[in-house]
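Below is one structure, written out as structure tokens; the observations come after it.
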Amino acid sequence: MSAPVLVLNTGSSSLKYRVVDAADGTVLASGLVERIGEATGRVEHRVDGSTHAVDVPVADHEAAIAAALDAFATHGPDLAGVGLRAVGHRVVHGGTRFAEPVLVDDDLVAAVHELAPLAPLHNPANAVGLEAARRAFADLPHVAVFDTAFHQTLPPAAHTYAVPAAWREAGVRRYGFHGTSVAFVSRAATAALGRAVDDTRLIVLHLGNGASATAVDGGRSVATSMGLTPLEGLVMGSRSGDLDPAVLGHVRRELSLDADEVERQLNAASGLRGLAGDNDMRGVVAAAEAGDADAELALDVYCHRIRSYVGAYLAQLGGLDAVVLTGGVGENSLAVRARALDGLAHLGIEVDAHRNVTERPGPGWAARISPDGAPVAVLVVPTDEEWEIASQAVALLDAAAGARPGGS
Ligand code: ADP
């Protein structure tokens with residue numbers, strides 16, 4: 001049965017929206033409001049294969065939602081006619097409080113604000129978006145889906161940092177991110193393998209601008225590479241991933257950088273950008289192919305880190321059914337897929353050169369790029385976080401309706 005959901009992803013100066021049918025992932029319309037709070041803003045609305053763009057000032061998030069509603073009214077679809085079931089919200093940080101999607105009420109909005117110290121760039125914007133959307137869609141249920149929730153199953157050994165008690169009491173631990181994506185592709189991969197969820201061990205490599213590795217055992221996250229923040233782990237577009245924590249003090253002293261500047265450079269001037277001057281993998285691969293030594297090194301470091309995590313997580317899982325690749329790089333970069341998993345045949349992990357080129361995954365289903373008979377499948381699954389948010393929102397509402405006396 002069709003179940004359209006309006007999915008909102010609110011950033012500090014942008015609002016992404018999509019109307020998606022939770023039943024099958026069909027996108028009815030999508031859009032982006034950019035440069036909220038600046039002198040000139042922009043609204044891009046996509047429907048029926050056309051993009052309608054308009055430059056207008058957008059004062060705040062309330063105005064951003066109003067601008068999106070205008071775009072629906074002008075270009076369709078008619079939101080009242082669509083029969084929206086819910087509004088689904090992407091919220092970045094749920095701390096240790098939220099392991100599941102949650103119906104939005106005043107307490108939930110307050111909790112998202114309270115968790116702001118853990119995600120100062122994201123949670124305050126998410127909370128403002130929640131409040132504005134609740135006013136704009138007062139008659140619809142709103143559901144918050146947290147990017148950290150899927151990783152709340154991490155065992156203490158995997159989420160505890162070996163730091164003083166006072167730090168741990170201040171919330172310093174591994175939370176993990178990309179959870180919505182990992183939940184989505186894990187399910188699709190398990191279905192493609194034809195295995196029972198309880199009996200399936202996966203390593204999910206989400207390689208986008210941000211990048212993470214997650215070990216999934218029986219549908220539960222048991223190890224993940226991102227930590228207190230999304231800075232830890234794999235090499236990313238502009239983030240360093242893992243490094244010796246003593247580097248922070250060293251560059252503060254030697255380069256006279258303050259703590260905020262060190263953190264900014266680790267997030268925005270490191271990773272592929274720091275090594276090769278380009279945060280876009282397409283540019284890095286092209287430069288390496290043209291003989292650029294910096295780009296070649298960047299690719300080597302990127303792939304070396306991935307292999308290290310695959311080996312580590314294989315050891316944690318004690319066996320492996322599939323490596324699952326997703327995100328812009330994982331879904332599209334044949335060169336990185338082949339290179340990152342090169343030399344792992346002794347672990348049963350191999351990319352078939354022909355299949356890597358010819359096999360194409362579809363929305364929600366996997367392409368197998370490992371050879372026939374390989375002990376470990378290598379699967380490419382396009383992620384769809386909005387569909388996952390819509391599905392989780394509808395599942396929550398259905399469960400709530402079923403639990404109510406007289407509910408169906
Ligand atoms: P985000 O994390 O912002 O959602 P994406 O998942 O879209 O980002 O991933 C963006 C990354 O995917 C960029 O580094 C981009 O270069 C890379 N990418 C997209 N298409 C290709 C392609 N055809 N070949 C190589 N890399 C690609």
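Glycine is treated like the rest: Cβ placed from N, Cα and C.
Within the same chain, the residues at least 6 positions away from D147 (active site, proton donor/acceptor) whose Cβ sits under 8 Å from its Cβ are R90, V91, V92, H93, G94, F177, H178, G179, T180, listed in sequence order. For D147, the entry in TrEMBL reads active site, proton donor/acceptor.
Feature annotation from TrEMBL assigns Mg(2+) binding site to N9, E385. In the structure as shown, the Cβ atom of E385 (Mg(2+) binding site) sits within 10 Å of 21 other Cβ atoms.
R282 (ATP binding site) is surrounded by 13 other CB atoms, counting those within 10 A of its CB over all protein chains shown. Summarising the annotation, TrEMBL assigns ATP binding site to K16, H206, L207, G208, N209, G210, D280, M281, R282, G328, V329, G330, E331, N332.
For the recorded site, R90 (substrate binding site), the DSSP three-state label reads strand. Cβ-based neighbour count (10 Å, all protein chains) for R90 (substrate binding site) stands at 22. TrEMBL lists R90 with the feature substrate binding site.
What TrEMBL lists as site 'Transition state stabilizer' is H178 (among others). In this structure, H178 (site 'Transition state stabilizer') belongs to neither helix nor strand by DSSP; it is coil.
Contacts of R239 (site 'Transition state stabilizer') defined by a Cβ separation under 8 A and a same-chain sequence distance of 6+ are given as G210, P230, L231, L266, N267, A268, S270, G271, in order along the sequence. What TrEMBL records for R239 (among others) is site 'Transition state stabilizer'.
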Cβ under 6 Å from ligand 1: qualifying recorded positions of N9, R90, D147, L207, R239, E331: none
Rounded to the nearest Å - Cα separation of L207 (ATP binding site) and E385 (Mg(2+) binding site): 14
Farthest-apart CA atoms of K16, H206, L207, G208, N209, G210, D280, M281, R282, G328, V329, G330, E331, N332, residues recorded for ATP, distance in Å: 24
Rounded Cα-Cα span from E385 (Mg(2+) binding site) to D280 (ATP binding site), Å: 21
Nearest-integer angstrom distance between the alpha carbons (Cα) of E331 (ATP binding site) and N9 (Mg(2+) binding site): 22
